[in-house]
Amino acid sequence: LQSLNSISIFKSKICFYDSLSTQGMNIFSVVLYSLIFVLGISGNGIVIWITVLKLNRTVNTTWFLNLAVADFICCLSLPFLIATILLKNTWPYGNTLCKIIPTIIILNMFSSVFILTRTVRWARLLSGAAWFLAALMCLPIVIHKEEKYFDDVNSTYCIYNQTPQSKKAMVFTRLIFGFLVPFFIICVSYTLISLKVKNSQFDKSRKTFKVILVVIVAFFICWTPYHIIDILNIQDMSVEMEETIVLLDHFTICLAYFNSCLNPFLYVFIGPEFQSKFKMSLSKLLESAFSEEATDSILTDSCHNEAESDLRIPLENLQCL
């Protein structure tokens, strides 16, 4: 019976979908999702093609390849989301896709943040552990998302059917393991790495570190609002506040999806000097952005220097660049 609470809460929000403000947000979402789909599929597709066929398999290319695959899969779900918005959020695809499609964006979030967090040891496992953990974290969505028909509005929706307690547990699990813990680990690790790179004589290591750092910052900027609204969504609030949260929920999901098309552009424009970019082939641009020759050299030199043994942990992390 408690699971009926989530259904009644959803029914109370159906009226918001027909409001003028929500209709305006829907138009904005459709336009933005269409743009993200085109840019994300083409951009991440090119990154996957070049890293698989054109570049040597290294820690760096493995790192960037897995991010591109996660973003590419995420973008593949966008046509379903666009069609759902155009159909006033009704769900015409059946119960199986109701479980799969909403899972993809959360799988993207967990896989991306776990890949961003990993050290060289994760790279040696070809990021398999990151994908496994991400899939594990998505199980609550597969379990609780289902297709539901509402007689009073004669429409079918894809909704969460769960108790308020399980909803809160799912939200806080996402927040802790998909944001706070990785954010803390990344901040500590990359602070140590930045101290070493800052004093490095290798220009390539600094450029590659800059690319990765910008990718990480972009990820957290795009996903922070989503987690904030996710927390607010499980709180008791007034009707006026609920309508505002529905609008903000649309916006934060758009921002999260936007991250899926952003990385290929960051790779290109935060690599070599801007003036030389247009003289280089795309494969050369990405090869320069993903370069790890310098970081390998730093790691090799450090292994022969016993006086720097206290720096070996951050140096190992440096190789994940």
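Sequential numbering from 1, following the chain as shown.
Including glycine, each Cβ sits where the backbone N, Cα and C put it.
Annotation source TrEMBL lists domain 'G-protein coupled receptors family 1 profile' at 43-267. Looking only at the domain 'G-protein coupled receptors family 1 profile' (43-267), the predicted model's pLDDT averages out at 84.
Per TrEMBL, transmembrane segment is recorded for 27-52 (among others).
For 64-87 (among others), the entry in TrEMBL reads transmembrane segment.
Sequence annotations record features per position, and here TrEMBL assigns transmembrane segment to 93-116 (among others).
Look at TrEMBL and you will find 123-143 (among others) tagged as transmembrane segment.
Here TrEMBL flags 175-197 (among others) as transmembrane segment.
The transmembrane segment feature in TrEMBL is assigned to 209-228 (among others).
Within the same chain, residues 22, 25-26, 28-29, 32-33, 35-36, 39-40, 43-44, 46-47, 64, 67-68, 71, 74-75, 78, 105, 108-109, 112, 210-211, 214-215, 218-219, 222-223, 225-226, 228-229, 232-233, 277, 282, 285-286, 289-290 sit at least 6 positions outside the transmembrane segment (248-270) and bring their C-beta atoms closer than 8 Å to a C-beta of that stretch. Feature annotation from TrEMBL assigns transmembrane segment to 248-270 (among others).
Sequence-distant contacts of the transmembrane segment (64-87), counting only residues of its own chain at least 6 positions beyond either end whose CB sits under 8 Å from a CB of the stretch, comprise 26, 29-30, 33-34, 36-37, 40-41, 44-45, 47-48, 51-52, 93, 97, 101, 104-105, 107-108, 111-112, 115-116, 126-127, 130-131, 158, 215, 257, 259-261, 263-264, 267, 286, 290.
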